[in-house]
Amino acid sequence: MMFGRFTERAQKVLALAQEEALRLGHNNIGTEHILLGLVREGEGIAAKALQALGLGSEKIQKEVESLIGRGQEMSQTIHYTPRAKKVIELSMDEARKLGHSYVGTEHILLGLIREGEGVAARVLNNLGVSLNKARQQVLQLLGSNETGSSAAGTNSNANTPTLDSLARDLTAIAKEDSLDPVIGRSKEIQRVIEVLSRRTKNNPVLIGEPGVGKTAIAEGLAQQIINNEVPEILRDKRVMTLDMGTVVAGTKYRGEFEDRLKKVMDEIRQAGNIILFIDELHTLIGAGGAEGAIDASNILKPSLARGELQCIGATTLDEYRKYIEKDAALERRFQPIQVDQPSVDESIQILQGLRDRYEAHHRVSITDDAIEAAVKLSDRYISDRFLPDKAIDLIDEAGSKVRLRSFTTPPNLKELEQKLDEVRKEKDAAVQSQEFEKAASLRDTEQRLREQVEDTKKSWKEKQGQENSEVTVDDIAMVVSSWTGVPVSKIAQTETDKLLNMENILHSRVIGQDEAVVAVAKAVRRARAGLKDPKRPIGSFIFLGPTGVGKTELARALAESIFGDEESMIRIDMSEYMEKHSTSRLVGSPPGYVGYDEGGQLTEKVRRKPYSVVLLDEIEKAHPDVFNILLQVLEDGRLTDSKGRTVDFRNTILIMTSNVGASELKRNKYVGFNVQDETQNHKDMKDKVMGELKRAFRPEFINRIDEIIVFHSLEKKHLTEIVSLMSDQLTKRLKEQDLSIELTDAAKAKVAEEGVDLEYGARPLRRAIQKHVEDRLSEELLRGNIHKGQHIVLDVEDGEFVVKTTAKTN
């Protein structure tokens, strides 16, 4: 027998019937055993109907035993009697008549009643229950159950049982006031009503980006139908939202899906008052279409064209283009309605309308300023999502954050609970070691602490009830910061001091470049104070000048001062992009090429860390096409990668370093320490470098840069400071080996003298330290002349470096 359509409870009833037959020692399963199985199952509609008729398990069992008695012999196999088989067939027929796609316990009981001649029917009659009365009881329970379980509470539900089991009735949910209010979408809802009122092809499809409120428009229509704010033609319509996943789920055999969908369509056609809403309309394409079977879209096409089926679809622009537009026959049956992202003002109104729901859920109050901040900050900083969805999510998470914060146990209560646990453990230990006096004393302490805990907890909860937690602008800003990594919360005093002293912080790393340090510090302050142009990067700079004067070092120092770690800087070495074909690696390989799925080396890094210092080192080494890519980054703070995603550069500091003009300077000997007039020297050098820059880069590229900074040549006084910095780095490395080092002024001057080079800036100093300090120390360490815990002094005697060691003083 086929039990595939039987519900779990119905299958349980048949299993219980078999158990009853075995218990009573009968060789066959008859109608009486099925009746016993129905009453023993206890939870289905059939069991409830029998209980309502006053028929309990014991009552029926006694009557069955008195009618047919107990058997003696047990056979190996047990079969259904012809009457029992007929009952199961009739139960399937009853399910079909009621329009149900399943066979439940109620259908089995109706089959028993309809059979009318078996032992079960005699049992019911003997217990004073007429078959007609039993049938009425089942149908009554079945009707109330359908009304309660389906979304709608209207009389038309009986006409659409399959649809009710697969779809949600939005009009019924709207009637219960369970839908969120729909604000500012009257124009789109009006367009939907106009299309629905057409004679044929009355199927609107809502097309828009994810999160702009497409589903909300269908909910808005349901609310208008309930409020009688629609034309006569749409009065008393039911908006049912159908999930294609539910329709496909459980269709194990070929033809089941088509049968289910045809039933839904027949019910809609017969009811005549159903508007079907299919969210994610593109799921129609291919749904249920395996191995030559036709899919859902092809089954629906004829009804959609003739106007027999009113359907509202919703899908994104990308999915519409990818799936619907490819099928011209399906596309012509739908009328597209564009749903645009609401403006900032409209989004604020939407959030104000939703405020009550979120306040009730989180038990907090949300200020007007918080709503405004949620919309404006999400619009500015969360660029890869759409309003109002992203602003609603901000409010939701901020509400959750504030609510959880008020539930945190205060520290004094935690401390008391900890003490109470310790005293309990001590008391138990004292009892076990039979120190009863100590245990009695500890018991008194425990009692006192328990009272303190209860009092503290009570006062905390009372205070909690009186406090009305509030979601403020700061809470919204904190959530934005946690999402994006961009600091938008109110500036703390410690950060204020840091921002005001940024020049000093940078000067401690970069020596002799006042102009560059001041320009960068000003850009950071401008951004953090909220005064920068919101449509452009925080700052874009070109650092020019001879090699070894601190161009890259300043970018590293800036990253460390802002993020606390110079490794958080995004560094792209432009010498890797010298060939024309390599430029595409910045934004990602085009389709069909290796690396398409990996994303761009620049765009992916900025997507992951939108608030960062981006260093494009040695920019003049790159292919000229790279500068064309950078034009829109510099002007609009955005760049589109190979997959069409827009990457936001508005919270980055863009630094490009270049050695343009260095060769010209070398020829003219402008770099050095022998020129008397330093100001004139720098001015001449700047003019030369700017001339070279204009020849190397196109005007539209140079014109978009915020500031072009020409680094000064290093002076002799700077070299000693740089030696001190480099020796500090050596000190850190030696500290790991439990050693400390000190360079005397004479040693520093000697290193500076050895590392002076008129053309190469500070890098020769690094080589001088390697040669005269690090090499000497490594030899002494290997010889065993320097031991752990010693303090090393590097000095100069008779023009030579000498290493002295002493015991380290703490």
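Every residue, even glycine, has its Cβ placed from backbone N, Cα and C.
Features of the protein shown, as given by Swiss-Prot:
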type	residues	note
DOMAIN	3-144	domain 'Clp R'
REGION	6-71	region 'Repeat 1'
REGION	80-144	region 'Repeat 2'
REGION	163-410	region 'I'
BINDING	208-215, 545-552	ATP binding site
DOMAIN	417-452	domain 'UVR'
REGION	471-662	region 'II'
Which of 80-144, 163-410, 471-662 contacts the region 'Repeat 1' (6-71) most, counting Cβ pairs under 8 Å: 80-144
Least surrounded among the binding-site residues, given as Gly208, Pro210, Gly545, when other CB atoms within 10 Å are counted: Pro210
Secondary-structure category, per DSSP, in which Gly545 (ATP binding site) falls: coil
PLDDT averaged over the residues of the domain 'Clp R' (3-144): 78
Binding-site residues compared (Lys214, Lys551) - the one with the fewest other Cβ atoms within 10 Å: Lys214
Protein Cβ atoms within 10 Å of Thr547 (ATP binding site), excluding its own: 15
For the domain 'UVR' (417-452), the number of residues DSSP places in helix, strand and coil: 33 helix, 0 strand, 3 coil
Where Lys214 (ATP binding site) falls in three-state DSSP terms: helix
Nonlocal neighbours by CB distance (under 8 Å) for Val212 (ATP binding site), same chain, sequence gap 6 or more: Val339, Asp340, Gln341, Pro342, Phe386, Leu387, Pro388, Asp389
